[in-house]
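Annotated domain 'BPL/LPL catalytic' per Swiss-Prot: 30-212, in sequence order. Taken from Swiss-Prot, the feature substrate binding site applies to Arg69, Gly70, Gly71, Gln72, Ile73, Thr74, Tyr75, His76, Ser141, Leu142, Gly143, Gly154, Leu155, Ala156. Per Swiss-Prot, site 'Lowers pKa of active site Cys' is recorded for Lys138, and the stated evidence type is sequence analysis. If you look up Swiss-Prot, you'll see Cys172 marked as active site, acyl-thioester intermediate.
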Amino acid sequence: MNQLIVRQLGVQPYEEIWHQMQDFTDNRNENTADEIWLVQHPSVFTQGSAGKPEHLLNPTNIPVVQTDRGGQITYHGEGQQVMYVLIDIKRLKAQGKDVSVRDLVTALEQCVVKTLADYGIEGYPKPDAPGVYINGKKICSLGLRIRQGRSFHGLAFNVNMDLTPFRNINPCGYAGLEMTQLKDYIAESEAQCDLVSPKLVAHFYNILGYNAQQIMCSQYLPVKSKSSEL
């Protein structure tokens with residue numbers, strides 16, 4: 001039976017978590033449990049592998065990190081719930097589950113759509129622009145990297161954050177794209193990452209066909225230190 005481990009990492013620097021994802025993916029084997037990492041990042045712009053420098057409109061003192069996920073430039077900051085999914089797609093296929101990379105993208109989008117629905121909000125994906133939108137405004141960005149049939153990176157869901165830095169970029173490469181966040185639609189006391197993240201996780205693992213007995217998230221597990229094995 002596959003196990004899915006959920007780790008709550010709090011607020012962590014982007015580059016440190018990114019390199020830990022790479023190490024985890026490169027060193028896992030066919031018996032390694034899949035994992036979800038929940039994290040918030042201090043202010044940072046990340047440029048995807050297809051990113052074009054002209055989408056950074058106004059250089060600021062916010063660092064820009066060239067990363068290996070798919071997609072263009074986006075912004076991360078505290079109050080944005082990031083959910084990284086480290087899933088062995090190859091193993092799921094070997095077990096008879098017809099899960100493609102496109103299916104994983106859809107699962108990420110739908111877990112956000114379903115989370116929004118929990119709050120009575122109608123969100124939707126766009127076939128030509130990955131992510132989740134509300135009335136044309138983007139509330140969630142996503143980007144993945146697949147290495148040897150295993151995923152890393154994931155989604156970034158705007159919950160209760162300062163959206164101002166998005167004005168310095170063409171978010172995800174789209175000029176004039178307006179961003180939004182959960183706080184704009186519900187009481188601020190409810191728009192908190194620690195309240196939203198369990199909903200995201202539950203919808204995601206249900207969509208992928210995990211069951212409650214497979215999930216180690218009744219208590220969130222901290223990531224181990226860099227000096228020990230993840």
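Counting begins at 1 with the first residue displayed.
In case you wondered, yes, glycine gets a Cβ from its N, Cα and C as well.
Largest CA to CA distance in the substrate binding set (Arg69, Gly70, Gly71, Gln72, Ile73, Thr74, Tyr75, His76, Ser141, Leu142, Gly143, Gly154, Leu155, Ala156): 15 Å, whole number.
Residue density at Cys172 (active site, acyl-thioester intermediate): 21 other Cβ atoms are found within 10 A of its Cβ, drawing on all protein chains shown. For the binding-site residues Gly71, Ile73, Leu155, a Cα-Cα cutoff of 10 angstroms around the residue listed as 'active site, acyl-thioester intermediate' retains Gly71, Ile73. Shown in sequence order, Ser43, Val44, Phe45, Thr46, Ile62, Pro165, Phe166, Ile169, Pro171 are the residues of the chain, 6+ apart in sequence, with a C-beta less than 8 angstroms from the C-beta of Tyr75 (substrate binding site). Sorting the binding-site residues Gly71, Gly143 by the number of other Cβ atoms within 10 Å puts Gly143 first. For the domain 'BPL/LPL catalytic' (30-212), the model's average pLDDT works out to 93. If you take the C-beta of Ser141 (substrate binding site) and look for same-chain residues 6 or more apart in sequence within under 8 angstroms, you find Gly71, Thr74, Pro130, Gly131, Leu155, Ala156, Pro171, Cys172. Around Lys138 (site 'Lowers pKa of active site Cys'), the same-chain residues at least 6 positions away in sequence with a Cβ under 8 Å from its Cβ are Gly131, Val132, Pro171, Cys172, Leu177, Glu178, Met179, Thr180. Following the DSSP three-state reduction, the secondary structure of Arg69 (substrate binding site) is coil. Listed in sequence order, the residues of the same chain lying 6 or more apart from Arg69 (substrate binding site) and placing their CB within less than 8 Å of its CB are Thr46, Gly48, Ser49, Gly143, Leu144, Arg145, His153.
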